[in-house]
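What TrEMBL says about this protein:
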type	residues	note
DOMAIN	16-276	domain 'Sugar phosphate transporter'
TRANSMEM	20-42	transmembrane segment
TRANSMEM	54-72	transmembrane segment
TRANSMEM	78-103	transmembrane segment
TRANSMEM	115-133	transmembrane segment
TRANSMEM	139-159	transmembrane segment
TRANSMEM	171-190	transmembrane segment
TRANSMEM	202-224	transmembrane segment
TRANSMEM	231-252	transmembrane segment
TRANSMEM	258-278	transmembrane segment
REGION	304-351	region 'Disordered'
Amino acid sequence: FIVFNLQWVLSPKYFNFPLPITLTMIHMGFSGFVAFLLIRVFKVVAPVKMTFEIYATCVVPISAFFASSLWFGNTAYLHISVAFIQMLKALMPVATFIMAVICGTDKPRCDVFSNMLLVSVGVVISSYGEIHFNIVGTVYQVTGIFAEALRLVLTQVLLQKKGLTLNPINSLYYIAPCSFVFLAFPWYVLEKPTMEVSQIQFNFWIFFSNALCALALNFSIFLVIGRTGAVTIRVAGVLKDWILIALSTVIFPESTITGLNIIGYAIALCGVVMYNYIKVKDVKASQPTADSLPDRINKEWKMEKKSSDKFNPDVGGESPRVGGEINDEEAPLITSRLSHIGRTQLGNHAA
């Protein structure tokens with residue numbers, strides 16, 4: 001996606017469509033249209049119940065920062081190489097941690113701060129070793145990183161606070177059109193005048209395949225997050241960066257990397273790996289250890305047996321009398337199917 005959609009299409013040396021906001025608006029418009037068809041026309045998934053309050057207080061600010069991150073991040077490809085952009089993206093954990101501390105979702109920690117310092121030093125060394133260093137492109141990319149970090153934190157704060165969960169299609173259905181509207185303002189001021197006076201080539205199949213790649217990327221991001229664990233996502237992200245850096249140097253000759261680039265990025269990568277390890281360890285520590293199925297069967301069978309022993313049925317066939325005070329937690333009104341299976345299995349084993 002990055003090599004084809006951004007570097008090749010936007011670069012004046014190749015397809016020569018140097019309008020990143022227009023390209024991003026095409027992506028958002030196409031993604032929102034496909035999501036509308038899947039929800040409203042083909043009814044593949046049901047729409048989420050969305051009130052005006054939730055839309056105004058959650059979806060709108062998230063869409064605004066999502067549009068900002070795409071705008072600034074894609075514009076950076078006009079000024080700096082793919083390889084250097086991937087090296088700058090090592091700052092993503094730093095930006096996310098800073099925004100999380102500011103928004104109150106995370107607390108300052110010495111171990112995380114030391115990792116952030118290591119990442120920052122590595123990125124500075126890598127930037128110093130960049131041959132085609134461009135301050136404008138670097139500012140665009142760093143601004144896009146912080147906008148994306150703020151979007152991630154706002155998603156956690158706003159949507160989770162409202163108890164709202166969005167699947168990939170619903171996410172595009174609500175966020176993509178709103179992001180399109182936010183992108184329309186800078187497009188009207190910055191790129192619309194340029195399109196009127198310059199000869200910009202437009203190839204339908206190029207932009208259609210471009211939009212398909214963007215749609216597939218958006219879907220895959222949400223699916224990977226939903227179906228894999230934190231370790232897989234973070235390891236895959238590191239491998240993706242290395243592969244993209246190597247691939248960009250092969251496809252685009254101007255994306256040359258120096259030894260200082262590699263040293264700086266390796267230092268930053270060490271900090272990223274250590275940060276990922278800390279976050280994964282925190283997630284595992286916060287999750288309660290689940291009992292195995294035999295343990296649950298055994299516990300529930302004992303619980304039900306303990307509660308049933310407190311009943312003393314009358315021999316004369318009258319209604320059963322309670323022989324003692326019963327705890328509601330120990331005597332459920334409905335016998336569970338799991339308890340019945342557990343008694344049957346334990347009875348057969350004893351026989």
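The backbone N, Cα and C atoms fix where each Cβ goes, glycine too.
Keep in mind that TrEMBL annotations are predicted by a computer and have not been checked by a curator.
Among residues of the same chain six or more beyond the transmembrane segment (139-159), those with a C-beta under 8 A of the stretch's C-beta atoms are 57-58, 61-62, 65-66, 68-76, 79-80, 85, 88-89, 91-92, 95-96, 98-100, 103, 105, 165-166. The list of residues near the transmembrane segment (20-42) in space but at least 6 beyond its ends in sequence, with Cβ under 8 angstroms from a Cβ of it, reads 5-6, 9-10, 67, 70-71, 74-75, 77-78, 169-170, 172-173, 176-177, 179-180, 183-184, 186-187, 190-191, 195, 207, 210-212, 214-215, 218.
Remote same-chain partners of the transmembrane segment (258-278), defined as residues 6 or more beyond its termini with a Cβ less than 8 Å from a stretch Cβ, comprise 83-84, 87, 90-91, 93, 97, 111-112, 115-131, 231, 234-235, 238, 241, 245. Stretch with the largest number of CB pairs closer than 8 A to the transmembrane segment (78-103), among 54-72, 115-133, 171-190, 202-224: 115-133. Mean per-residue pLDDT, taken over the domain 'Sugar phosphate transporter' (16-276), amounts to 87.
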